[in-house]
Amino acid sequence: MEVSPLQPVNENMQVNKTKKNEEAKKRLSIERIYQKKTQLEHILLRPDTYIGSVESVTQQMWVYDEDIGINYREVTFVPGLYKIFDEILVNAADNKQRDPKMSCIRVTIDPENNLISIWNNGKGIPVVEHKVEKMYVPALIFGQLLTSSNYDDEEKKVTGGRNGYGAKLCNIFSTKFTVETASREYKKMFKQTWMDNMGRAGEMELKPFNGEDYTCITFHPDLSKFKMQSLDKDIVALMVRRAYDIAGSTKDVKVFLNGNKLPVKGFRSYVDLYLKDKVDETGNPLKIIHEQVNHRWEVCLTMSEKGFQQISFVNSIATSKGGRHVDYVADQIVAKLVDVVKKKNKGGVAVKAHQVKNHMWIFVNALIENPTFDSQTKENMTLQVKSFGSTCQLSEKFIKAAIGCGIVESILNWVKFKAQVQLNKKCSAVKHNRIKGIPKLDDANDAGGRNSTECTLILTEGDSAKTLAVSGLGVVGRDKYGVFPLRGKILNVREASHKQIMENAEINNIIKIVGLQYKKNYEDEDSLKTLRYGKIMIMTDQDQDGSHIKGLLINFIHHNWPSLLRHRFLEEFITPIVKVSKNKQEMAFYSLPEFEEWKSSTPNHKKWKVKYYKGLGTSTSKEAKEYFADMKRHRIQFKYSGPEDDAAISLAFSKKQIDDRKEWLTHFMEDRRQRKLLGLPEDYLYGQTTTYLTYNDFINKELILFSNSDNERSIPSMVDGLKPGQRKVLFTCFKRNDKREVKVAQLAGSVAEMSSYHHGEMSLMMTIINLAQNFVGSNNLNLLQPIGQFGTRLHGGKDSASPRYIFTMLSPLARLLFPPKDDHTLKFLYDDNQRVEPEWYIPIIPMVLINGAEGIGTGWSCKIPNFDVREVVNNIRLLMDGEEPLPMLPSYKNFKGTIEELAPNQYVISGEVAILNSTTIEISELPIRTWTQTYKEQVLEPMLNGTEKTPPLITDYREYHTDTTVKFVVKMTEEKLAEAERVGLHKVFKLQTSLTCNSMVLFDHVGCLKKYDTVLDILRDFFELRLKYYGLRKEWLLGMLGAESAKLNNQARFILEKIDGKIIIENKPKKELIKVLIQRGYDSDPVKAWKEAQQKVPDEEENEESDNEKEADKSDSVADSGPTFNYLLDMPLWYLTKEKKDELCKLRNEKEQELETLKRKSPSDLWKEDLAAFIEELEAVEAKEKQDEQIGLPGKGGKAKGKKTQMAEVLPSPCGKRVIPRVTVEMKAEAEKKIKKKIKSENTEGSPQEDGMEVEGLKQRLEKKQKREPGTKTKKQTTLPFKPIKKAKKRNPWSDSESDISSDESNFNVPPREKEPRRAAAKTKFTVDLDSDEDFSDADEKTRDEDFVPSDTSPQKAETSPKHTNKEPKPQKSTPSVSDFDADDAKDNVPPSPSSPVADFPAVTETIKPVSKKNVTVKKTAAKSQSSTSTTGAKKRAAPKGAKKDPDLDSDVSKKPNPPKPKGRRKRKPSTSDDSDSNFEKMISKAVTSKKPKGESDDFHLDLDLAVASRAKSGRTKKPIKYLEESDEDDLF
């Protein structure tokens, strides 16, 4: 077809036209891109900025349905429409805040006519013209944008309206919007209607009005803007729920919906709408906890099973997403619940705060000032808590109810579930033929296969036992037997934490190897087929620890899979304990009682060779094969016999059955004691015919032996205060009787060899080290000497050197405390047929009180503090004299703090602190067992650097300690020091701890556990037993001396008759000779006869006969009954010489005299002799210790000057003002409360230390000094009250604090230790520390002069002119001793007037020098105004020689010490003295009644002549002496 010539022209025209249009569009787009809209247009164009989305959304919401009520379901609604309705509704509710008289809101929702109306009878809107805007106020605020009454932020409002948009937005999104309001105040009614999205305003109607105010908003939502046809069911259900919200959250307002009143009476009944028909896991209705906290806050709480849920309102706005108001309340509840859950879930899965919150459903209704939200939709309140304008502190009642409403149980169930999930991850649900990752497992070849039920897993005690089992598998084969070694004891899963179980490799390995699954029930045979092994065989040593391992494995299976025990799933493999052989005969015994029975029924048992098997490692591979070849004899099955088996297993391992366990063990001990008395053999399990065992029998006959031995190892004996390990050490040292020091490591080897010690040598070395320690807080009397670094108070003994480098030997006091003469009266034990240590030693004083004791066994624990040696000795003397013993306070050697009694068996221990100036304090003593380094790290460092929770308190501290003394100089600001003083420096700096002695449990002399209520009960028990044993000793000595005397008499007569020729022995037959001797009336060897009569194997020590004698005995004793005259016929010829004859006669006469002397003595006399010898040696030892301490101190050895300043820095400052620790009423009340309240776990756990107790003010304390209540006790080193004292506060049964009482009492009949003159100083106190780990300390007491703090009463006089300090007065010849004083005497002493000669007398300390059993008058200083004091005294004793003077440090006798301070309430303190007249007078007046402080020199006696003679001298007062106390640390193992 041809193309018309016009065609191209048209096409070109069209192209040009298109180009022009595109260019026009480009020009227009600039204007379109950058447009300006009015606010009304903007709201309609972008509604989501103002009212939220105008699109339909579907989500889960709380709605109200007619047939169901409030429920949580999926709804489809338009958020924008919901919001405009809500704005009008909240405005109506806000009106209640403006007008409290408002009482009604009427809501009408008419879906058919698309009409919503909200009416309230609150105060109407002012119907008045706005002078600025020139229009009526209702028209202004409903028809003009950006208008509001809420723009004044200075005004605190609790309304929902905030930004001035709400009602206008409703107007804009409505086709018709009518406001009608009436104001009685302005007497007008206003009505106006807007149409077309607020685009067109109708005529305003104004009418006169005289009725009640009201406001009514009626609107027709513009459904087209929300893409809706009508108000559907879902949006109506949501709006109805909001009407209910308003009814619940607005107080005292009735809400009507469509003419019907809503059945809601306040917030609590509103909450019920949500929880109606809701039940917890057990089917019970949910408990609701409600509290009206105040007029602005109302809270309800219940349990939630769907995570954290909250329904909350802020000023009637439903904050569906919560906000800070919800967090504020929820966090308070969570914090309390977390604590409760942690307590109840000890050891379970760790629970965090958000996990606790997930179990809570909280309802909050709050009025908050000027709240802020994160959007105009107001779903999340963002205002900070500090701006709320009110607080919501939930009451204790609410919290208590919250704990009991089911939330805690729900959390704990969730914890168990989570734990189970975690545990199940450790198990395999599928049976595997091969297991990887357990290298030490020798798997049975058939394990995990078809025949797995026939397989047995042998669990052995350690690798060596595995080797034995593997040797035996050569006999039975490897197809059906697997072997896995256990590393020691497995966990007690019944009491273990979830974390422990999860991380315990041993348990996880057993589960993996056997194929066990948690929570699976293995009732039937099919379930057993899912396991890799059908049985577990336990193969442990036949000792008590082996029994414990068996018990723990039984407990493990029983706790998790009790059904397995019914299938005979467990069995044990037993091996012999003893084998006897003769020729080719061999017998094996599987229990010692069975062996003993065999011995008693076999007359010639000594001809058999006996071999003891200590563990599986003793058996050879050959023997292992023999055992496995006779599997029937060695395999013992555990048989389930019923509920009594379950009960027995729980009894042994459940924490809840502590009391039952005590009863169980007590019954066992009583039964064993009765059997011994009746001569019956012990019960045993493994006889020749035993093939099975019930769990009940195993627990009650085998495992109980472990529990009992655990107690024996952990709890010392009342008699000697020692545990078996310590007794073995002492036995070995006595036997070795080393004259030279020996290495600790070597001694440990020796102990293991000589005393048959079967445990690790490391623990033995620690026992030796602990027996030798003598730092403050360890031993008061160390039985071994610490030669080398045995540990110090810096680290609590943990800084001891390696046992390879340190040496020890017996203390010179040891054999005086444990006299060899008593050894014959003791019952020695036998182990492996070897004679080892005795059942107990019998010291001359109760060592359990001197060095304290501590240990935790099964069912019981023991905690006894240290007491002062001299106080104990004095009390023993009182008991011997038939008098009542004096009360004692704990005392630790060389401790300078105080120990005060709070209540019976409860004490408070305080360190020492002094104020140097307004910004500096000095800490010169820490509570007992608060170690210097620990204190620095845990108290001072956090105070210096601050922690996350606490700001720094101090600005700096300096350290001036030595290994024996403490000195921290602490700097802080004036304000903080003043505040700390107000609170109490001891409390702030944690210088007070508490000591409770409520678990004084010890083995008595018959081996039964006994709980003592007081220390004096222990003392009386010991006294009776010891006196009885002195009687036994006398009896034995009389027999022995009689026999020796007869022997010497016979020998002397024989020699004399031979010389006279009356007897001829030359060339005569032996038989004839014996006949002649009998005829002439000679006795058969009297000593030998006497020993045989004792029916004792002669002790190795006493049987030191020469080899010749032994040989002679052998040849002589043809018949046991024949007479023995070797003692005569074996005498050497040179006995016939004159010299030897005379010597023999002299010996005979001396022995006879010795015998006569002994006969005249009573057991008490023997005891007193021992005590006197011991005290004398104690003085010498302490003098030497003091001398050693003084080496290098200024003033010693003539080279003092260079070191003087350097040494002074370690001593307490002389100008410090001592802070007296206070015991507050609260502390006493707390102590009383503890007494009334039985401590639940009295037997297993220690009560916490009470640190930081508040103390009384200094002033009150000083006033009290003069006049104390008679009932209270306080420990002072200078005095010891003698009146009856209140019992002291309980200390935690397991707590360790021990303190050693300062000792020389005025009642003491023991020569006091030497004491040096002191510098004016304040009283120092004894502090007891709470956790000493060991039971012994034998440190000798040392006196220290360097550590006293001057008394706060006269700091300015702390140093007087040094003129006379260096002059050493002659040793005083005599010292009065004070004895038998009543506490009341203290009150009678009136201080002398300042003018009295005594007052001018330079510090002279009266030393009380007691002498046993004698009361002598004390010479008192004749001060003019001094009242008479009771005078009692003792023999005077000369000062020890060689004491050196120390001008600066009052080190010696030569200085005149100040008199002790007056006795106050019973308190253990180091003695101190003041130069000030007043204090001096007080001391003088008190001197007689007060006990002499520990360490006080025997040579300082206040004597009239001396006092007068020296008063002219103004000697410089000495620095106070510090007493370092030691506490025992022995049972770390």
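Just so you know, glycine gets a Cβ as well, placed from its N, Cα and C.
Fair warning: this is a prediction, and the values are worked out from it, not measured in the lab.
Residues 1183-1215 are the range that Swiss-Prot records as region 'Disordered', among 589-621, 1183-1215. Of the candidate ranges 882-888, 924-930, 1435-1441, Swiss-Prot annotates residues 1435-1441 with the feature region 'Interaction with PLSCR1'.
According to Swiss-Prot, the feature region 'Interaction with DNA' maps to residues 990-999, out of the candidate ranges 120-129, 470-479, 850-859, 990-999.
Shown for the region 'Interaction with DNA' (990-999): DSSP residue counts in helix, strand and coil, namely 0 helix, 5 strand, 5 coil. Taken as a whole, the domain 'Topo IIA-type catalytic' (715-1171) shows an average pLDDT of 88 in this prediction. Using CA atoms as reference points, the recorded positions N91, G166, K261, K416, K676 were checked against K1075 (SUMO2 cross-link), and the closest is K676.
On a Cα basis, K261 (SUMO2 cross-link) lies 26 Å away from G166 (ATP binding site). Cα of T377 (ATP binding site) to Cα of K261 (SUMO2 cross-link): a distance of 28 Å. Between the CA atoms of K639 (SUMO2 cross-link) and N91 (ATP binding site) there is a gap of 79 Å, rounded to the nearest whole number. DSSP gives N91 (ATP binding site) a helix state. It is K168 that, of the recorded positions K168, K261, K676, K1075, has its Cβ surrounded by the most other Cβ atoms within 10 Å. Take the Cα of K599 (SUMO2 cross-link) and measure to each of the binding-site residues N91, K168, E461, D541: the nearest one is D541. Here the candidates are the binding-site residues N91, K168, E461, D541. The one whose C-alpha lies nearest to that of K261 (SUMO2 cross-link) is N91. All chains included, 16 other C-beta atoms sit within 10 angstroms of the C-beta of K599 (SUMO2 cross-link). Of the recorded residues, N91 (ATP binding site) and D541 (Mg(2+) 1 binding site) place their C-alpha atoms 84 Å from one another. Long-range Cβ contacts of D541 (Mg(2+) 1 binding site) within its own chain (separation 6+, distance under 8 Å): E461, A465, K614, G615, L616.
Following the DSSP three-state reduction, the secondary structure of K676 (SUMO2 cross-link) is helix.
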